[in-house]
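Here's what Swiss-Prot has on this protein:
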- ARG12: site 'Important for substrate specificity' (SITE)
- ASP69: active site, proton acceptor (ACT_SITE)
- THR70: site 'Important for substrate specificity' (SITE)
- GLN152: site 'Important for substrate specificity' (SITE)
Amino acid sequence: MKQLILASSSPRRKQLLELANLRFQILASHIDEQIHETKSPEQAVQLLAYRKAKAVADHYPHSYVIGADTVVVYQDNILGKPKTEEEAAAMLRMLSGNEHHVLTGVAILSPNGQSLFVEKTKVFFWDLTEEEIFDYIATGEPMDKAGAYGIQGRAALFVKRIEGDYFNVVGLPLSRTVREVKRLGW
């Protein structure tokens, strides 16, 4: 069987690939994840996903390498992972009662070519109270997640509805990713 590598240390992406019953290994890429303001959100996540995959694929050229990057976009503003609890609260206030998009760029590099795509999911939040925001932040859950929330955790209670791929919001559009890996011959 050809080697499949996830170029990410994200526990959520690992869990999703395990859900798909794929045999893979994890080799986190250590790249500068700075998003340049001149890029559109779509270009930024695609470029970061490619850089992550390329950093690993350069050392494993005969393997299939998956890189991914996820951001939350609200009114053309990219919301990455909050650096402080105050920043997390500000992000959640922004998203409260509003719709936003979750974008995941995926790069699959293989000996048979590559697949690069961006998946977009629209998420609608209920109005959040300050108590809900602070109780959620106190769990520590939002601190390692783009947009300061994890739809698969307690923040599921904030979500009114979504349009698109649920797993994309978690961190990897699973169905499309698996189909692309197989299309490339894995």
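The backbone N, Cα and C atoms fix where each Cβ goes, and this holds for glycine too.
Owing to the predicted nature of the structure, the values given are computational and were not obtained by experimental measurement.
Features recorded in Swiss-Prot, as mapped to the structure shown.
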{"residue": "ARG12", "record": "site 'Important for substrate specificity'", "DSSP (3 states)": "helix"}
{"residue": "ASP69", "record": "active site, proton acceptor", "DSSP (3 states)": "strand"}
{"residue": "GLN152", "record": "site 'Important for substrate specificity'", "DSSP (3 states)": "coil"}
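Taking the Cα atom of each, THR70 (site 'Important for substrate specificity') and GLN152 (site 'Important for substrate specificity') are about 15 angstrom apart. Most other Cβ atoms within 10 A: among the recorded sites THR70, GLN152, that distinction falls to THR70.
Between the alpha carbons (Cα) of GLN152 (site 'Important for substrate specificity') and ARG12 (site 'Important for substrate specificity') lies a span of roughly 9 Å. Cβ contacts within 10 Å of the residue listed as 'active site, proton acceptor', excluding its own Cβ and spanning all protein chains shown: 27. Within 10 Å of the C-beta of ARG12 (site 'Important for substrate specificity') there are 18 other C-beta atoms, taking all protein chains into account. Here the CA atom of the residue listed as 'active site, proton acceptor' lies 12 Å from the CA atom of ARG12 (site 'Important for substrate specificity').
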